[in-house]
Every structure is written in C-alpha cells, then in structure tokens.
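What Swiss-Prot says about this protein:
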type: ACT_SITE; residues: 55; note: active site, proton donor
type: BINDING; residues: 42, 43, 44; note: substrate binding site
type: BINDING; residues: 53, 88, 91; note: Zn(2+) binding site
type: DOMAIN; residues: 2-130; note: domain 'CMP/dCMP-type deaminase'
C-alpha cells in the first residue's frame, strides 16, 4: 500500500471521532514522534474558546505519554477545497515547541489530495525558547 493510502486511511478513520456539533468541521491529526504515533481530533465546546484542535489534541497525548519530539505531522480536514487544511496559528506555535523548522506537515482533503509544507513555511517567524534568553 502506498504511504499516502496508509496515512489517509488512518486519518479518515479517526476523523469520525471529532466532536464538532457547532461547526461540523472535522479534523484529524497523526504525529510521528520519538515515541511512535499519536492521534488527535478536534473537540468543540459551546463556549468556543475551550475548543481543542486536532493537532493540540495529538500533542497533548504525546506529552502525556512522555515524549517530546515530532518528526512528521499528517492532517485531514473534511473539506474538498484545495489547501484549506493547514494548522491554525495557535497549533503552528504549539507544534514549533516540539518540532524542528524543517519538520514536514502533510495535509489531505477528503478527495485524498495531498499537500506538503514544512513547519517553517507555515510559521516563518516562530516565537521559541531562544527568544526568552
């Protein structure tokens, strides 16, 4: 099976677990890390600000399990629009805490179209721990 098919299939299975009663915009995420694979889906809340994005859900699982290095990010959004599925700004910043600038971020839409980015392309001026020195 092709790489695209494996990750798209897993993301497609996960996306149905998203809790999105308000926006109906589902997102699933897989992180390849120093501890293996971690998954997340978006979880909405009626107050909106407590909503958790799929990427941060996966990062939380990774950290809870004792791991801290992200090597690859895979994301599926339930849209057929090209290029709509990149992480939001908050998620980009959170990912930058645990991933290198050259970390691949691979996104899919529901048609299975695949788009490639690096974290640095999506967050060129990341605020990081070096800024706090």
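From the backbone N, Cα and C atoms, a Cβ is placed for every residue, glycine too.
This prediction places the mean pLDDT of the domain 'CMP/dCMP-type deaminase' (2-130) at 93. Listed in sequence order, the recorded positions near residue 91 (Zn(2+) binding site) (C-alpha within 10 Å of its C-alpha) are 55, out of 42, 43, 44, 55. One way to see the shell of the substrate site is to take the Cβ centroid of 42, 43, 44; the remaining same-chain residues with a Cβ within 8 Å of it are 18, 19, 20, 41, 45, 51, 52, 53, 54, 57.
Distance between Cα atoms for residue 55 (active site, proton donor) and residue 42 (substrate binding site): 8 Å, as a whole number. Across the domain 'CMP/dCMP-type deaminase' (2-130), DSSP classifies residues as 40 helix, 35 strand, 54 coil.
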